[in-house]
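The structure appears right after this line, and notes come after that.
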2 protein chains.
Amino acid sequence: MKTENERANPIGVFDSGVGGLTVVREIMRQLPGEKIIYFGDTARVPYGSKSKETITKYSRQIIRFLKTKNVKAIVIACNTASAYALEDIKNEIDIPIMGVIEPGARAAAMTTANKRIGIIGTEATIASGIYSEFIKKILTDAKVAGKACPLFVPLVEEGYTDDPVTTEIASRYLKDLKQENIDTLILGCTHYPLLRKTIADIMGSGVSLVNPAYETATQLREMLMKEGLMAEEKLDEESGKYEIFVSDTTKKFEDFARTILPSDFDSIRKINIEEY
Amino acid sequence: MKTENERANPIGVFDSGVGGLTVVREIMRQLPGEKIIYFGDTARVPYGSKSKETITKYSRQIIRFLKTKNVKAIVIACNTASAYALEDIKNEIDIPIMGVIEPGARAAAMTTANKRIGIIGTEATIASGIYSEFIKKILTDAKVAGKACPLFVPLVEEGYTDDPVTTEIASRYLKDLKQENIDTLILGCTHYPLLRKTIADIMGSGVSLVNPAYETATQLREMLMKEGLMAEEKLDEESGKYEIFVSDTTKKFEDFARTILPSDFDSIRKINIEEY
């Protein structure tokens, strides 16, 4: 068991932009006693089309920033950064760190009956093949098929979440996966749960959609318990419990944050991430 | 007239990503004697949804990098950076610098008959109102209407340049502009000329489409002449005439560069732009 001070320290969560707030929302629900420091890399968003080297460099900078805030653990709430950077970084830091891929893979492995699982995500996440790796550690004979859906993020950001154009594009992206006879589909990008209805309609009722955010919060709880790092559950609502930092200030981010988060947070602060 | 050495120095051109290569292509055609150093900020692309402060910081870093290559003049081949950063930066550097907005505005002002001009571009370019400012310096009684088209860049990057989905989205974006009775439409983002056919079909034959790239190369020639900086026209084809640098290496960038540029270039080199 760590000291009370350590246990009272915040959890650091980061993403390339706003999407990771869906994971924060889940952590707020499942771990109401925890303080959270969130960082959204809005000056360099998106990550999904960039290289492993660049994503790893950005992730290291963000972790250095979060550590200046005395975080006791870190959640990479971005599929692309989890896919490309987590493995290297995990060996470099002295506090517990986790991503969204392993929880998503575990949830899918627990959900599937026919062992045929689909994954949709950014180009980088799909190219990494990492969901398949983690799934096969649990279900060695699983058949896994992936498909990159690069237009989903811009469509969500344009507000076309329930729109015939999005349905048409989703139908194209999901066509091959439909033929794979999958019974489980991982929404492998934090923006995609906002397209859940469209995707569910296309895939049909025989396919369960898995959102890694829920399972991530559950595994975070397990990790904190194991490390003796859980905060007191009875922490009162207080100013400063949830802090949000970004690398660029945009109206869109603030609107999205206020829409998605159930609890209030202090004003969003901008920092120069290149300095870290 | 500057020294022969100075005149033989390259022109620096930059953009957030690949789009500025359409401007490079035009410079290659109109100024075949010039060497070019191109920088594409592929690690931080796109710029169109980011703040003025961030875009200006990125532009300053890129200019510092280009100056290490002894460029004799700089072209900001990005509408967003031209809109947000050029005015501040122009007062800070000791070599000639120009963007794509003023050339685009001039071309539109020369094209329109009814003095009603439309502009499409990124959210940042449209929010800046700068095209309107420049047009009204030439045509004080012009009526100018702008519309941000944030999905156009991702659609082009997905290869949906001639596609019913793109036609549907373009119809929505252009609906209001069609009602403004414009006779001239500026393609205010370097990706948009790749959607020229779709946009032309929607706007109809009564509307002329202006691509600032052509006029930018023409104004670059004027600027070099005025400053006594034109290279000798008879420069032989040689290795190293065209050099391309990026902040992140991706296959997509290289493919696009080889497709769009009429002349060959040495391998694309990656640099750490945050160091500048």
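Using the three backbone atoms N, Cα and C, a Cβ is placed for every residue, glycine included.
Annotations in TrEMBL come from automatic prediction, not curation.
TrEMBL lists B:Asp15, B:Ser16, B:Tyr47, B:Gly48, B:Asn79, B:Thr80, B:Thr190, B:His191 with the feature substrate binding site. Cβ neighbour count for B:Asp15 (substrate binding site) (all protein chains, 10 Å cutoff from its Cβ): 30. In three-state terms derived from DSSP, B:Asp15 (substrate binding site) belongs to an extended strand segment.
Cβ contacts within 10 Å of B:Cys78 (active site, proton donor/acceptor), excluding its own Cβ and spanning all protein chains shown: 35. Secondary structure at B:Cys78 (active site, proton donor/acceptor), as computed by DSSP, is coil. If you look up TrEMBL, you'll see B:Cys78 (among others) marked as active site, proton donor/acceptor.
In the three-state DSSP scheme, B:Cys189 (active site, proton donor/acceptor) is classed as coil. Feature annotation from TrEMBL assigns active site, proton donor/acceptor to B:Cys189 (among others).
For the substrate site, whose annotated binding residues are B:Asp15, B:Ser16, B:Tyr47, B:Gly48, B:Asn79, B:Thr80, B:Thr190, B:His191, the maximal Cα to Cα separation is 13 Å.
What surrounds the substrate site, by Cβ distance within 8 Å of the Cβ centroid and not counting B:Asp15, B:Ser16, B:Tyr47, B:Gly48, B:Asn79, B:Thr80, B:Thr190, B:His191, is the set B:Gly17, B:Gly19, B:Gly20, B:Pro46, B:Cys78, B:Ala81, B:Thr122, B:Thr125, B:Val153, B:Cys189 from the same chain. Taking the Cα atom of each, B:Asp15 (substrate binding site) and B:Cys78 (active site, proton donor/acceptor) are about 5 angstrom apart.
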